[in-house]
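So the structure is just underneath, and the comments pick up after that.
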Amino acid sequence: MARSFMDLIWDYAVFVVFIIFSTLYPLWGRFFGKKEKTKADYVFGLGTISMGAMMLSIARGTLGVRSVLGYPSELFYRGSAMWETLYGMVTAYPLVCFIFIPVYFNLGVTSVYQYLDLRFNSRLVRCLASGTYIVRSLLNLGVTVYTPTVAMNTVIGIPYWASLIGISAISIGFNLLGGLKAAITADVIQSVTMILISVGIIVQSMITVGGFDKIFTIPAENGRLNFFNFTGDATVRVDTTSAWLGQLFMSLSIFGCQQNFVQRYLSMSTFKEVRRTLMSNIPVVIALFCLAWIVGMGVYSVYAVCDPMKAGYTNKMDEILPFFVEDKFAYLPGVLGIFMASLFNGALSLNVSNINSLATVTWEDFLSHLPRYKGIGDKQQLNVIKFVGSIYGVIVMGVGFSVGLLSGVIESSMLMTSATSGPLLGVFLLAMLVPIANWKGAACGMIVSHILTLWITFGSLTVSKEVVLLPTTIEGCTNDTFSAGITKPTKSWLLANTPLEVESEFPYFDTTTHSPVERTVGFPENLYSVSYMYYSLIGTFLTVVIGTLVSALTSHTDDAYDRKLLHPIAYYCSKFFPGKERRYISNPDIRPKDVESPDSGTKKSPLEELERDNLGFDTVSEQSGVTVVSVDPLPPKLDRPEVYRKHDPEADR
């Protein structure tokens, strides 16, 4: 803590008030509004969430805490190369709308991994995917909730354990009292607050350097803005090609295959609303993404001639933004408090929404299949989900405490994310776009891809790599550079050994710059040297290729599945493939979402209306078992009556 307690009394007060408000307001409806009575209310919010709130929540989940701390420090010390990951994010949105949502929307699934079970008729594939998601999320959440606690300990002196317990306790309360709607409301509060704070930082930077144009010209003159850098070298940490391709495959894995995102899509009433929300979210993500980088440009323009880390006032790269707020807003009591409270609330909202998703996946993919939970009512299911979510809240807190003691936990979390995005995306692409794919190919593809990607990832730690940090200077430091009362911090063991990298989607490591050593590199060192930005692409490619080959070699008539589980275009194109014509089954477990009647405002059963799409996907057998049907676009007329399920025709376009 650089300033005394009395100097920060207003900041402490604002911090406490903001945390109380951001905690109680989302839960207000739990006590005085419509209460969540069913599992669907808790998991999906049942249409009570506005499109604007959903857009901000999706954008918030897309950018994460890294948009607050990670991007400004990235620009300050490494330049704008990572900025170009925006290309991959933007490209991913229409692809998710075109590939993933049309398949998910009319299946009536609660867990996104339930789709894999329906498609491959394999518990193994489903558990591989959902288990990977659970482990990865727990490790990532431990890092996410711990990171702002270190910043708060550094700046305003709150012990990290107190912040960690506070975040976990509030998260468990949210889980028990709220649901998806409360989590999204918390996301909105945090998003709006950080937008206002970011604008304030930019304005303060402009005033300090003497003009808005200097926020751009000073970083440009010092080599911080360097775009469209096509090196052609896969070992470069990040260039334009790796930023776009790597982030594209990672974003597809996150947006299209991760429970907390798909859960938000399925909470909307129609496919048209999902599509409009996602496509409208592109300019929102661009604006919020660029805002964080412009904040970094403003901070750099202020400290261009006096780097606080080089001068000894900060210990880690990601402390630069909290230091700026503490330094340049010292004249305005309370600003530092609301900034730190927003970091706290950011970790809280991410924790809440992910705990909700983790509990849902655990119930749907693991617990619901146990004999003791067979046939329990909806209310009991909801209670189990809330209880599991509370357990996950405690586990995340334990991981957070471990992060403070074992630096390897952080690295494991980062490596897990980069290594698992590809296999997860690959198995979903196999399911949706490869008609021949079966459970044996999907399982082999995932397992082999995991092994090889993890081998490359951990092998990369054995290769000495050049870490390039852009030059900074302290030649312009004077007695008036920093505000009165700003002093150099004392270095504790914990702070000295805890890196502050924020989001594992971008696993860069804070290490000391050293000169490269010229030496001949052979296999497998040259493979280990490949940039981590390509890990998701490599994992996806391996899963799809191996899965397709194994499926072709092990194909069997028992591999038949309902063609609703295949993307309509993939099904249509498959009819022109050479070879024996595939046979499909009609799966009675596929239950589309209920729809609202426009006249009465009441819910109608999907079975009450007849509507056929242009591919004839709607035919469902009345038999309790599985019936083999024709692959013709229009199934043959049967002697017995057929039942047709209502679906959203927008999803097939």
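Just so you know, glycine gets a Cβ as well, placed from its N, Cα and C.
Curation plays no part in TrEMBL annotations; they are all automatic predictions.
According to TrEMBL, the features are:
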COMPBIAS  587-615  compositional bias 'Basic and acidic residues'
COMPBIAS  637-653  compositional bias 'Basic and acidic residues'
REGION    587-653  region 'Disordered'
TRANSMEM  12-31  transmembrane segment
TRANSMEM  43-65  transmembrane segment
TRANSMEM  85-107  transmembrane segment
TRANSMEM  127-146  transmembrane segment
TRANSMEM  158-180  transmembrane segment
TRANSMEM  192-212  transmembrane segment
TRANSMEM  244-262  transmembrane segment
TRANSMEM  282-303  transmembrane segment
TRANSMEM  329-348  transmembrane segment
TRANSMEM  384-407  transmembrane segment
TRANSMEM  413-434  transmembrane segment
TRANSMEM  441-461  transmembrane segment
- prompt: Which one of these stretches, 127-146, 282-303, 329-348, has the most C-beta pairs shorter than 8 Å to the transmembrane segment (192-212)?
  reply: 282-303
Query: Would the transmembrane segment (158-180) and the transmembrane segment (85-107) count as touching if the test is at least 3 Cβ pairs under 8 Å, pairs 6 or more apart?
result: no
Message: Taking contact to mean 3 or more CB pairs closer than 8 A (sequence separation of 6 or more), are the transmembrane segment (282-303) and the transmembrane segment (127-146) in contact?
response: no
